[in-house]
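Enquirer: Questions regarding the structure given below will be posed in turn.
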Amino acid sequence: MELNGLRVSRETQARLQHFAALFQKWAKTINLVAPSTLDDLWHRHIADSSQIFQICPEPIRWADLGSGGGFPGVITAIFLAELQDGWAHLVESNHKKAAFLMTALRETEARGSVHAIRIEDAPAEIGECGAISARALADLDGLIGYAAPWMLGKENCRGFFHKGRDYLREIDEARGRWEFDLVEHKSAVEQESVILEISNLRRLV
């Protein structure tokens, strides 16, 4: 099996398929993603989320902010299980969604844990990480603000943020408050979308 050109082992494929089935079951009772996208779960959410691990396939500590339905946090944790190293810390303050995430990580035997706390409280609980991820959470300025406690002054910590067609405007707005190195990774799933890789973060104001 391949996802966006990434070769996926049988074990990882089985984990992803189990997660997809679990997701569809839970989505009937709690709002995990927009209902209109459920029929395209593999393409719109699973394949899209896997792109972050393709960009950064390293056994490091991740903090996934506002994990919601598990994208990209659970997907990253599933890929880390194949490496048998690294860890994904999923931050989700909604307790129903956090319960789903805990179930998903346990049943897929993924390498991750859930923190049912506010994002602002997460840095003190989680500690240092090598990567921060988020998808459909806030504008870039807001995301950088959330990630700043991990990233400021830390050359080895990078942010990976999914963004849609307005990403250039969001970059301009964020540069009014922050200075950072930026790599734009074009999405292999959504034509007008990107994954923004942020590093060497400095605060301007």
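Easy rule for this one: first residue shown is 1, then count along the chain.
Including glycine, each Cβ sits where the backbone N, Cα and C put it.
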Enquirer: Gly66, Phe71, Ile119, Glu120 bind S-adenosyl-L-methionine according to Swiss-Prot; which of Arg44, Arg135, Arg158 goes with them?
Expert: Arg135
Enquirer: Would you count the other CB atoms within 10 A of the CB of Gly66 (S-adenosyl-L-methionine binding site), including those on all shown protein chains?
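Expert: Around the Cβ of Gly66 (S-adenosyl-L-methionine binding site), 20 other Cβ atoms lie within 10 Å.
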Enquirer: How many other Cβ atoms are found within 10 Å of the Cβ atom of Phe71 (S-adenosyl-L-methionine binding site), counting all protein chains shown?
Expert: 26
